[in-house]
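**Student:** First the structure, which I've put down as structure tokens, then a few questions once you've had a look.
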Amino acid sequence: MSVDKAELCGSLLTWLQTFHVPSPCASPQDLSSGLAVAYVLNQIDPSWFNEAWLQGISEDPGPNWKLKVSNLKMVLRSLVEYSQDVLAHPVSEEHLPDVSLIGEFSDPAELGKLLQLVLGCAISCEKKQDHIQRIMTLEESVQHVVMEAIQELMTKDTPDSLSPETYGNFDSQSRRYYFLSEEAEEGDELQQRCLDLERQLMLLSEEKQSLAQENAGLRERMGRPEGEGTPGLTAKKLLLLQSQLEQLQEENFRLESGREDERLRCAELEREVAELQHRNQALTSLAQEAQALKDEMDELRQSSERAGQLEATLTSCRRRLGELRELRRQVRQLEERNAGHAERTRQLEDELRRAGSLRAQLEAQRRQVQELQGQRQEEAMKAEKWLFECRNLEEKYESVTKEKERLLAERDSLREANEELRCAQLQPRGLTQADPSLDPTSTPVDNLAAEILPAELRETLLRLQLENKRLCRQEAADRERQEELQRHLEDANRARHGLETQHRLNQQQLSELRAQVEDLQKALQEQGGKTEDAISILLKRKLEEHLQKLHEADLELQRKREYIEELEPPTDSSTARRIEELQHNLQKKDADLRAMEERYRRYVDKARMVMQTMEPKQRPAAGAPPELHSLRTQLRERDVRIRHLEMDFEKSRSQREQEEKLLISAWYNMGMALQQRAGEERAPAHAQSFLAQQRLATNSRRGPLGRLASLNLRPTDKH
């Protein structure tokens, strides 16, 4: 019977609101974007519908129906993949909704199909009990519609989900494991079913008794004559009672036939219960035997582990004895080195005492040398100052001499010009008389002749006079500026010369100090004493370094002695006997069934001991630089050994896992064969009714299919 998709959409909307998603989901229009459905799927299975998948859904598509269709396609694709890959429930074509109608028109029928797929994922996931409890809290009408949708989905998915091709590749080991677990569950279900049928039979018998009593009462009433009432009313009552009697007789007959069927069914169920109990006893005995074998294997494994631990302890003790001998040798070397350092320290102290007696004399001589150097530097500065003044005076003298020569040359040129002018004075006399402005000594009466000169000549003469005055003023200003620059140049030269003098004096002083230092060193070497301050500082530094090394050597020696005391093996005779007994037990464990596991444990313990022996040798390596190279070499060798041990461990572990898988698979196959043989022996040889044959065929088909379904729902319980 198909469910109305519109009604289903409304009921599933009510169910969807119980998830409390951030997106609204009260109407089909709210679900047309696909965002609310995506949030619900994220709550159903966060591992599959994770946050990365949720971010791929567009959060606000708005009125754009194409974005809504894109979101719905992504949600539908993920739903189908989840059903096929995780739940192993392939979705048929008739259950796939048309997402374009949902995104564009919010079609309730197509939306109901989509929500029906979401419901199927919810009741088939790992949290299905929580979702079923959530459905039970809804209204009764909503529960009825939801249950019809689940039944429709399961009835249409059962043929596909229970096909042999889907479950043909399961491991026989897991199949046998779940088959054993289903046997006990089927026995409990059949027992509960028998109890329910007995309870129904009791209720039907009580109901039959009550109906018989009521029938007897009605017959008594019919037999009594009624004094009151009309005959028509009596006839009507009689007809009514007869009809009720016929109905009750029919109901009684139906109940009798149903009781007979239930009795037959109960007998068949009792036979099935007896068979299942017999099978349960056989399986219980097999389980007890398997548990006993498992306990024996655990004991053997513990003994092999104990043997490996004892062997590792023995190996570590031997290694520690070798290390103890090596540490004793190192302690002897450190003691010899410590004695050498102590002798060197005493020698340095004697040299320091001899050098202290000459330090005061050296300080007095150094102060005198510094005073003499200061006086010499002052005198040198004065001499340089007078030398610079002398050079300046010489430069001034040279400049004055050059100026004198220039003035003499200018005087000669002026004399020649004056003579030439005197020679030519006779010719322009008339010009001078005509223009009295050219002759400053002429009287105003003589200037009357100047009017005879043309106007252009007079303007030219005036312009030349003004130009001459301007040039004279400019020459005076340039001369003042040149004098000022000359003064600045002299100041700069004086400062530069002073700096050069200071530099030269410093260089000379430095060379003198170096020469003095060399002389003093030579003198001290000749005298055989080391009284210089630098040498005393060097001796102090060397003494401090030797004292520090001596202190470090003492600390190192003390640490190694403590470590030797810790590594010192006990001399108890019982411990020696115990070690011999353990060695004897180790030789007896060579033929154990768990040899590979023992080898694995031994390698792990050896690697741990190597790491533990590396740590105490890394700490004293800081105080013993000569042994650093050997320790590093040992560390590299142990790293290589650890890598080899890890590779061997990986190989042994993989081989051990394969052996366990083969052993368990063979065990389960043997149990399956024994059970099949027992079922064939218990099969009834006499003829059965048609109904019994059909029930046996149904149960035989239901058993493997039910086990396959349980294997499908729980494929990872072993892990």
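Glycine residues also receive a Cβ, built from the backbone N, Cα and C atoms like all the rest.
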**Student:** Test of record reading: of THR158, THR230, which one does Swiss-Prot tag as phosphothreonine?
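**Tutor:** The residue tagged phosphothreonine by Swiss-Prot is THR230.
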**Student:** Can you tell me which of these residues Swiss-Prot lists as phosphoserine: SER141, SER536, SER710?
**Tutor:** SER710
**Student:** Which candidate in SER27, SER163 appears in Swiss-Prot with the annotation phosphoserine?
**Tutor:** SER163
**Student:** Average the per-residue pLDDT over the region 'Sufficient for interaction with microtubules' (1-548) and send me the rounded value.
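**Tutor:** Reported value for the region 'Sufficient for interaction with microtubules' (1-548) is a mean pLDDT of 76.
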